[in-house]
Amino acid sequence: MGKMAAAVASLATLAAEPREDAFRKLFRFYRQSRPGTADLGAVIDFSEAHLARSPKPGVPQVVRFPLNVSSVTERDAERVGLEPVSKWRAYGLEGYPGFIFIPNPFLPGCQRHWVKQCLKLYSQKPNVCNLDKHMTKEETQGLWEQSKEVLRSKEVTKRRPRSLLERLRWVTLGYHYNWDSKKYSADHYTPFPSDLAFLSEQVATACGFQGFQAEAGILNYYRLDSTLGIHVDRSELDHSKPLLSFSFGQSAIFLLGGLKRDEAPTAMFMHSGDIMVMSGFSRLLNHAVPRVLPHPDGECLPHCLETPLPAVLPSNSLVEPCSVEDWQVCATYLRTARVNMTVRQVLATGQDFPLEPVEETKRDIAADGLCHLHDPNSPVKRKRLNPNS
């Protein structure tokens, strides 16, 4: 039996063992996996999907997904740093209707804009982040400047204190997700970033979701030892609209399961620039990130991030130049990190939030102890993820 077949057989046996649900077993397996070994033999790599001649044994068939090429003009795609839709490659998985995977459709250098936005702009007030629980507004407002000095230091040692950016775990945009109640509300809203909204609208439209409105975003900031627990994104009031996911930085393993946790998940790589869309049947499936993978060559950037932004950008471009100084900070951070943006439409068109009784005591939505992005270095003990979440 070859190493690939042996790895798949081992996973099938593991998932079938009693006492623990299949998803949890495979989550634990991949969390402890060794990059570069047969441990990752059953992980789908969509960046190589066009080269695959036959599916891996025991792994769902990868199929091409037809995009709506004429729905997004080349000019609108270029405005947000995307290739023309005609050049994108989009895939689905048999058994997962509504799941769409688009391997890096960004123009050379344009990922840098979105990385800078996540680290420098979106992390600022009035947006909400995990640091708000323990710091004043003035302290978190200086997140970028403080981190810039620390990350640009040539003396990078294990003893140096972590920058605020390295302590950042999540940021919420638009309608701010309440980690305690697992709800959104009309009275906790700040304007959604216009550039990210336009990017999301173009991707959604190309995938057949005309009229998508970006109303809420959750940005997760992963270190190499971070994981994202098993969960379902069900808090939005309109599940007919897709959930969009954008990844930048180091690669990660993503697990896509079923409606119940006793269904074994499918594993896939998420590389820098990759976009995932969860819609239809796949919109409410269990999913998780058990592992962020270190670069095989050490603390290096993915190759696609080595290319600088073009010297001249279109006059109407939403992609902005990134200074050498700013990119130095971003690059230092991303050598051992990953950033993920998820964008959602919360309400159906014309829908309002339901009226609810006013609670006497309002609990703090910025409590980082309630975030399901697990950081083993955090001094705050996180609550166990509700199995029904």
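Backbone N, Cα and C define each Cβ position, glycine as well.
Summary of the site annotation: Swiss-Prot records substrate binding at W144, Y175, H176, Y177. Screening the candidates D76, D225, D233 against this entry identifies D233 as the one listed for that site.
The Fe cation site recorded in Swiss-Prot includes H231, D233, and the single candidate from H188, H287, H295 that the record places there is H287. Considering only the residues assigned to substrate binding, W144, Y175, H176, Y177, D233, the longest pairwise Cα distance works out to 30 Å. Taking the mean position of the Cβ atoms of H231, D233, H287 as the Fe cation site, the remaining residues of that chain whose Cβ falls within 8 Å of it are I230, V232, L285, N286, A288. Under a cutoff of 8 A between CB atoms, and with a sequence separation of 6+ in the same chain, the neighbours of H287 (Fe cation binding site) are I230, H231, V232, F254, L255, L256, G257, P265, M278. Taking H, G and I as helix, E and B as strand and the rest as coil, DSSP gives the region 'Interaction with DNAJB6' (1-127) the counts 56 helix, 13 strand, 58 coil. Same-chain residues at least 6 positions away in sequence with a Cβ under 8 Å from that of Y175 (substrate binding site) are, in sequence order, Y184, S185, A186, H188, Y189, E215, A216, V346.
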